[in-house]
Amino acid sequence: MAELKSSKIDPENAKNEYNLFKSSLAQIGTIIVQNVIMLGFGMSLAIPTVVIGSLMSDEVDSGGGDSMTLTETEASWYGSVLLVCHPTGGLLSGVLQEIVGRKWCMALVSVPQLVGWYVLWRAGNAFDLYVSCVALGLSMGLSEAPVLTYVGETVEPRLRGPLSSVSTFTIMLGSFVAYLMSTVMPWRTVAMINMAVPVISFAAVVLLTPESPVWLLSRNRPDEAKKSLAYLRGCVSTADVEDEFSELSIYAGFNKSVDLEQYADCGIDQRRLSYVKYLQINTNDTTNAEIDILANQNQVGFLDTLKSFWSPELNRPFLFIMLFFFFWSFATFIPAKPYLIAVFGEIGLPCTAQWTLVYTSILTLVGTLLNVLTVSKFGKRPITLVSMALCAFSMLGIGMYMLSTTYFSFSSTWIPMILLNALFFFSGYGVFPIPWMLVSEIYPTKGRGIASGLTAALAFLMTFVLTKFFLEMQEWFTLPGLFIVYGSITLVGTLYLYACMPETENKTLQDIEQFFIGDLDDYEDHDNQN
């Protein structure tokens, strides 16, 4: 696979006048603060597993005399409705990002999340559980795209990889906390405690997170964009970020003085906008009106973005990432998530299913943390390929072990335990976080918010279908056969990514965007000529 090379314009690696330590600290702090949202995401993702494990068991919840039960059909809907509502939230987030900005879109996530936890706490029947899942699913869909888009637009390339994987780490942390709490308290108490998360995340985003400079530039608000960039680079003065702001405005299509030859590979609307600003021939009303019209052309609507999917800038990265997410759904074994307690019990392990759930979530969490620490060193492509391959072999191994216990009376409970450890660790290390990291990088500025929202929506729509029919597929293939099917599809996905996945680590957004435009050989020839 050919490697991405640096382009002539380097809009994110401009000469920095400020202190790199302060800049790193400011960016890390901002991303960590806003990722409180993703803590609620992880808790929302885990709660169906906890509730289904309690209400489908023979024991009645001892925490409060709860007499609710779930049938298998009700459990399949409850376990999957969360994921079918996620796409709706994802599509809505794409529109909201462009209307109210990245910051306020993240803040609005707290509203449906708070409603979801409250309804779950007070639930009296299966319908109430469905309603809570609708609200939590909407909050999940609303949160993912703006968080990833924000990282892609505000973080320097040297930090973008690790900080974009912080979101996945926080999701895994939220799931782990929910599983751990469920071992010592009833699920209703877990829901009640979780209501504090959206309140804290709303306050954190509103008070401590600046708006994306790229979005502000797209709205013809350069002064605010410069102040936001200065805040993100360590609360320095706007004069200290002048060089980087100038280059960032080139990428965003908003610049007052730029050599037009440097714009050879940018969109025609961006070139025209900068050309008008560059000439500055007559600062009369006509010229200013033209500037405003061209600036407003960067404010892309939902229908405009859908039309632009015919262009290679959007449809090529979109097709690539959707295929990645198709294989991702199998490699992470995420369709089985609501039913993991039953799955672990059927496999036969040396410890209880509930504690296996906690143990495997710790491994996933550790794997995700390791991704944060090593992605900038090893790169996304090698980590993805190794992790996908090991997840595939782990699932194939578990399936074959279960068949051997059935037909050859072979039994060793530690073998499936080791294979499960590998599956959950490597899914957390590479498979789960990296496609979401790519979503923050591969789309061009024009329409990135809507495109990333649509991607998240369709990714979870696929996951919903697989989750809804997981129990039916288990009846068709049996659990060992399902492990083998999932492992085989994951192996095919590994080969696909080996052939098609570029390395984006330490590359500028412009380098990545140009990779998906036209023929790769033509891109390399053009790059070499420069």
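Note that Cβ sites are derived from N, Cα and C of the backbone, with glycine treated the same way.
TrEMBL does not curate its annotations; it predicts them automatically.
What TrEMBL records for 28-505 is domain 'Major facilitator superfamily (MFS) profile'.
Feature annotation from TrEMBL assigns transmembrane segment to 31-55 (among others). Listed as Cβ neighbours of the transmembrane segment (31-55) (distance under 8 Å, sequence separation of 6 or more from its ends, same chain) are residues 61, 68-70, 75, 78-79, 82, 106, 109-110, 113, 116, 120, 129, 133, 136-137, 139-140, 143-144, 147, 150-151, 155, 163, 166-167, 170-179, 182, 186-187, 190-191, 194, 197-198, 200-201, 204-205, 208-209, 337-342, 353-354, 357, 361.
Remote same-chain residues near the transmembrane segment (75-92) are listed as 44-45, 48-49, 51-52, 55-56, 112, 126, 129-130, 133-145, 337-339, 453-458, 460-461, 463-464, 467-468, 470-471 (criterion: CB distance under 8 Å, separation of at least six residues from the stretch ends). Summarising the annotation, TrEMBL assigns transmembrane segment to 75-92 (among others).
Among the features that TrEMBL reports, transmembrane segment is placed at 163-181 (among others).
Taken from TrEMBL, the feature transmembrane segment applies to 187-209 (among others).
If you look at the transmembrane segment (317-336), the same-chain residues 6 or more away from its ends with a CB under 8 A from one of its CBs are 309, 343, 387-388, 391-392, 395, 423, 427, 431-432, 435, 438-439, 442-443, 451, 454-455, 458-459, 462-463, 466-467, 470, 486, 489-490, 492-494, 496-497, 500-501, 516. Among the features that TrEMBL reports, transmembrane segment is placed at 317-336 (among others).
Taken from TrEMBL, the feature transmembrane segment applies to 356-376 (among others).
If you look up TrEMBL, you'll see 383-402 (among others) marked as transmembrane segment.
The feature transmembrane segment is assigned by TrEMBL to 414-438 (among others). With a threshold of 8 Å between CB atoms, the same-chain residues lying at least 6 positions outside the transmembrane segment (414-438) that come near it are 144, 148, 161, 164-165, 167-169, 172, 321, 324-325, 328, 331-333, 344, 347-350, 356, 360-361, 363-368, 370-371, 375, 380, 383-384, 386-388, 390-391, 394-395, 397-398, 401-402, 459, 504.
Summarising the annotation, TrEMBL assigns transmembrane segment to 450-471 (among others).
TrEMBL lists 477-499 (among others) with the feature transmembrane segment. Within its own chain, the transmembrane segment (477-499) is flanked in space by residues 1, 323-324, 326-328, 330-331, 333, 343, 346-347, 381, 384-385, 388-389, 391-400, 402-403, 406, which lie at least six positions past its ends and keep a Cβ under 8 Å from the stretch.
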